[in-house]
């Protein structure tokens, strides 16, 4: 399997670490919505087909990548930096660090 | 249908083996059943068998999209053991072990359960203490376990590198003598034949394409062979759980599907008389009766339904094999294959009523489902028949994750690839 | 003797030179270029091995990688290499080979008695018996295991050795534009066309010689013998800088994203490998495009006695004659369902064999075939079939009968024909394994009676016989086109294709796979699967192709069904009354042909994982340390004095720390530089306690949870500057914590301005502790004071030791007045030595992990044994660290019902009441019952003899925890037969107020 890191170019899967399902939204840090937290930590879409997921280029630049990959064929269709891919929107842990 | 025995073999040999009957019927689907079991793998078939045998529920159909036993029951590395750490797991798997010990007789089908032992190899004193913790936990719940010294291990497992110069010298091991291996396909076939003989309809090439609901309640399934209704619909499709549950309207499950590769070497004269596992990585190996070394390692570590792995794991597994058995370098690997595992969020399974009314769920076996086959079916049948779990499977609920009552034998948390 | 070396043919062998080798101890001779099969045939040997189940005598069926019968074991000293096809084994001087699966000898094998079992031992017989009695001493699994003992000894092929293989295995990665697999006419043309475009080309050929079928074909290409054309083409390719030729290289796996795996047998054909030369080289190749020109395997026909030594595939016979100058018989009979074998018959006649008969299942054959048959001079029996073979371990004749190909009916009386060799052709199966691995199911083709490759799902192009295009002319043109396409050339052929002169013989077979009459007719030779076994599977309902395979073991042998899959399917299809494709086909799995396990481990063979050594490693070794392997690290366990036991050593070391001072290497601790304007904020989020309030120049102990609220790791973090922290983690979790932090920073909180750097290897660390520790530092540290004012508890200073800059933090794991001294890794030993030198007058001793463990148990500090991924902060009595002022990773999840339940295991201390050692991993019970241990309350996580307390103590995780303080319980450790009373106490055994470390 080959994943094309936006920094490093196409690299073998052995250079990457899978960091799991990219379809999960982390609740606000101070959220007390137990259901939302539980769902975020434990529940997975687990798509048979085009799947959004996070990989770290741990054997390279160590960036986290948001990857679209088909779980039936292993074909990667899109790669972007995870930090640009909108995951942060799901977390509004304010810089002040205060509880919400 | 005739009993299998040495006598029946002899009798049939004289008639040129022309009188053997099909091991199971190939019936057409009826419009409705008391219970439908989705998934004709090991667990689905054993569930059907025990529904009929233990609970007298015989108006049952097992729906299999391909051929019976085409899932992980026919793709695993055949180890049977109950050497777990946590009491919930030990109780359940030890119950399974006891069933294995009489399974061939129960099924009148030789599943070739061979109690040749499973030996976990420890490479540091701390790891051996860890194994002792586990072995003691087993002993306190009636399972067998004992420790072995490197010298004892060398005698039991010739070819094992017990030298001090090894990269990870062997410090000792945890042995479960009653553990061993079984012939995986025979387990599927034995349960299939047993269920069929008790009147269960085994419907092959019958793919579930949707669930029929009455409000929230599941009342049947649409299949490639038509609509089939049932009072109770049980799902036992490890590997495809996410996919099938989505058809029932359950979007998310505490499960990821991962591919696990397995390997078999060319056939050899007896080399390894027990099952061994490596302590400084993830590797396990036994030798089949045909002589092939059957072995495997880690899952691929990413979501996959492809039944196909890649080379990094291949290389890792072979390297670990040679770390234990350096003399096997010239031996050749014959075949590799992949199975799709339901990796749950704590590494333990789910056998439960629900999550929808009229539905029952059996899933999340990670890569340990084969050894669970008897107890899984037995407990699932109980759960379906009585609408409540048996105490053996009571801890294996679906809501344990949200409650924080996880059963995490490896202590890795909600990261399925690490279980 | 029937097979023999002839004067003609034999391009591959060097007749001028001789080679001596032994087979089953008997000396033989051959020539360079011979395979073991060709050399033994040349010596008149026909018996090569014994089959798996019935131990039937077997000869050699093929000349290649598809060989099911002739498997041998190669001996190199004590190193055994089992199951090598004689057809693939190149001989060399001194080669020692033994046959397999026979006792006591190949010609007299007791196991052959299994043949008498005959019908008793049909497919799946073992599922129906060996279950034994339901009651009595042999109930349960006993009887089966008794039987299994003998079954296992009878099964299996070659024997593996127990000695470490001394050979070297190697791995290499290759990249190219075009990988051509197979070097027959199609592959050669593809390589040539791709090479001409200037692209980087790799041509892989599993045989030692390039050229494939051109090497044994009697056709001509461009007016020269096909073999000459092939060698000329190869010579041309060899000259090109952009072409890499890989002989003896089997491409065995097609993985995701056009990744191919290949095995190069670098020195198997040599007696001694050259210096530095590996035995095998594993290639992982990433080509832009792949040309699959892997050819086709000839299929045998299924008829009674088709396994007798002397029966051989037609193409193999032709190959032995042309390539090796070996005739497989004098009087050769031919049995075919297609024209292909007629060309072979002509070639063999030309080589001096007598063709006694050509038996063809077809009543009508092409004119060309008819003409060819007549010119062989043999009896031509169209519309006939071979119904039996005669002879013992060697063929002496065949029986033929009139055959109706449409109905399969036999008629007339069988009659015998004398022959010492029967060559058989049942059609051809394209070698589509790699394409099948890479994608979907193959397609059945009625004309060719074969599965053709599926549509590509990866970037490959097929050519030649692989595509089912069996003529050489088609191979050349398809190869050329494929090579061009793979190289990205879109124009038509640049030059004319070579001319082929070949007889107009058609290789499409009649749809006949089996001659059905009495007698054992083998489908899978190696696994002894007969046509009757396939029908038995059908009768018992094992009709899907996977059930067929699994029930009968068809295609599961070392040849992986290369010759048996299609005939097996055909027989099942007939039994079912369905067309062959409706029965299905199995997907081929890697590897295409068996691959040495050593090659896949390559450099990791004998060297599984890198070793991590601290900067002071050599010093430890020189000073008598017993090293302990901890993950990849090596750490001193004890510095034992002569005559000391481990316990005596650690007690001495621990005592020295409490009484004077000790020093321990802590370089293995994970160290992460957390830097940037938001570093403090980041730490507040990842630790359960506050770090933003930490003063510069101070350190704090921190606790980290996973998202699910369970404890993940602990350690101290030092604030070196406003925006500059040095985090330490446990040795075991260093990598995991780093990834955890990186994930949150990069994925969850990318707006935080923080940079993380792993600096574990940049710092050497030594912890020095004990009542004399401060005095020792004072004696050797310059540039800073080390008194209480300069260095309060958790204070950090910068100074020098022996001229080297150091950073010192006053923190304590041992519970003593203690300091961690960090310096650049390269100076580690220098500083370590200086500290020891300074400590000499104070009685400073180095101590190892055992003493470290003892000191921490006395203090009740937790480590990985307690932070085992299942414990919460509360379980470990670290609730005081769970800040209520801020959210942190895990804070939302840590209070769920399961994690606050009453019956959770909680940390306690235990004291042995029988003054005997406790064991880590022992359990705790209220009442010990050695006969029937039960009702575990928990387990001991760590145990030691405490010199400070003069007792055997331990830490444990126990149900009820604190509520049991002061209560008596028992350790129950059946695995080590250790039972005895303990008292459950607080885990703070020693100096609970921390007076010593606070000074």
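Even glycines carry a Cβ here, placed using N, Cα and C.
Curation does not apply to TrEMBL; its annotations are automatic.
Fair warning: this is a prediction, and the values are worked out from it, not measured in the lab.
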Please identify the range among C:477-505, C:506-534, C:535-563 that TrEMBL labels region 'Disordered'. C:477-505
Using Cβ atoms and a strict cutoff of less than 8 Å, what residues sit near the region 'Disordered' (C:477-505) while being 6 or more residues removed from its termini? 177-178, 180, 185-197, 199, 217, 219-223, 229, 288-291, 293, 339-340, 342-343, 346, 366, 368-369, 372, 461-464, 467, 469, 471
Could you pull the average pLDDT for the domain 'SoxA A3' (C:519-603)? 93
Under the DSSP assignment, what numbers of helix, strand and coil residues are found in the domain 'SoxA A3' (C:519-603)? 40 helix, 8 strand, 37 coil
Okay, the domain 'GCVT N-terminal' (C:616-886) and the domain 'SoxA A3' (C:519-603): do they have at least three CB pairs under 8 Å, pairs separated by 6 or more? no
